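**Student:** Sending over a structure as structure tokens; questions will come in a sec.
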Amino acid sequence: MATIKDVARLAGVSTTTVSHVINKTRFVAEATQEKVMKAVDELNYAPSAVARSLKCNSTRTIGMLVTQSTNLFFSEVIDGVESYCYRQGYTLILCNTGGIYEKQRDYIRMLAEKRVDGILVMCSDLTEELKEMLDRHSDIPKVVMDWGPESSRADKIIDNSEEGGYLATKYLIDNGHTDIACLSGHFEKLACQERIAGFRRAMAEAKLPINEDWILEGNFECDTAVLVADKITAMEKRPTAVFCFNDTMALGLMSRLQQNGIKVPDDVSVIGYDNIELAEYFSPPLTTIHQPKRRVGKNAFEILLERIKDKEHEKRVFEMQPEIVIRNTVKKLN
């Protein structure tokens, strides 16, 4: 493996000059730069990231904790983070925790050992334990995204879930729906509580009664949506519309309802949440609440860079505003 001394010897310059050319830390004549880069190419020389990190006190590496990167919402946010990391010359270490305490603990320890410059957190489970683990590493800059735990030492980007729940429900009401069901994620999740609060606000504003039996608990995955679809199919009196708290459940619900002979939106209307890429291409295309996922990823990375540069500034909370995307899964009844 070639060293910086080998490059300097082949180029006929000092190791200091090679360092300045590679790191762009000082003006070097163009002819000299060309000689150095030619030697770098011939020797297939790669600078030592370890040595550079020791000298600069920076590894240019970011860690990211996610519950499940295969989740379509998470994957689009991750894509945004990775894209901006690459553009800024940072490496992203992605850690799938599966919501498992031991994996969260071990990954945080590993990221600390690797001296990452900062950590992005997008986990939805074991919030108190995760908060405590993150707070133990107070020297590492952090940004918590979406469902993550509140931390006294981390900036946070959140979705205005209460407003999103309100917008989805109001759109159904504006289209003549009064018998509305909700398919939530786990009830203990803050985002779910806020979306239910938005649902209740819209129903109260329209002076409509709420059937508490129609506020149904899922897990943000298709399997519970299938069970709920079967439950709705068996109901003597069905809701005319279902507000699903993410698009994955909405698509699973629609698929199963249609398998059961219930047409969407002719028999039951469906509205989702997230606006994942697949929502536009499903049949029928899903009406949903849009979350700017790639922008969330970009903003999270930019905020983390600011925190890395200034570790002492006060904790900040950034709120992303939801928008409705109208497609073809809500029937107009009025």
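Cβ coordinates come from backbone N, Cα and C, glycine included.
So Swiss-Prot lists the following for this protein:
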type: DNA_BIND; residues: 4-23; note: DNA-binding region
type: DNA_BIND; residues: 48-56; note: DNA-binding region
type: BINDING; residues: Phe73, Lys189, Phe220, Asp274; note: hypoxanthine binding site
type: DOMAIN; residues: 2-56; note: domain 'HTH lacI-type'
**Student:** Here are some binding-site residues: Phe73, Phe220. Which one has the most Cβ atoms within 10 Å of its Cβ?
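**Tutor:** By the 10 Å Cβ neighbour count, Phe220 comes out on top.
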**Student:** Give me the non-local Cβ neighbours of Asp274 (hypoxanthine binding site): same chain, 6+ apart in sequence, Cβ-Cβ under 8 Å, ordered along the sequence.
**Tutor:** Leu72, Phe73, Asn246, Asp247, Thr248, Thr288, Ile289, His290, Gln291, Lys293
**Student:** On the 0 to 100 scale, where does the mean pLDDT of the domain 'HTH lacI-type' (2-56) fall?
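**Tutor:** Within the domain 'HTH lacI-type' (2-56), the model's average pLDDT equals 88.
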**Student:** Have a look around Lys189 (hypoxanthine binding site) and count the other CB atoms within 10 A of its CB, chains all included.
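**Tutor:** Its Cβ shell of radius 10 Å holds 18 other Cβ atoms.
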**Student:** Please give the greatest C-alpha separation between any two of the hypoxanthine-binding residues Phe73, Lys189, Phe220, Asp274, in angstrom, as a whole number.
**Tutor:** 16
**Student:** Where does Phe73 (hypoxanthine binding site) sit in DSSP terms: helix, strand, or coil?
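**Tutor:** Where Phe73 (hypoxanthine binding site) sits, the three-state DSSP reduction gives helix.
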**Student:** DSSP-wise, what's the residue breakdown of the DNA-binding region (4-23) into helix, strand and coil?
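**Tutor:** Its residues fall into 17 helix, 0 strand, 3 coil.
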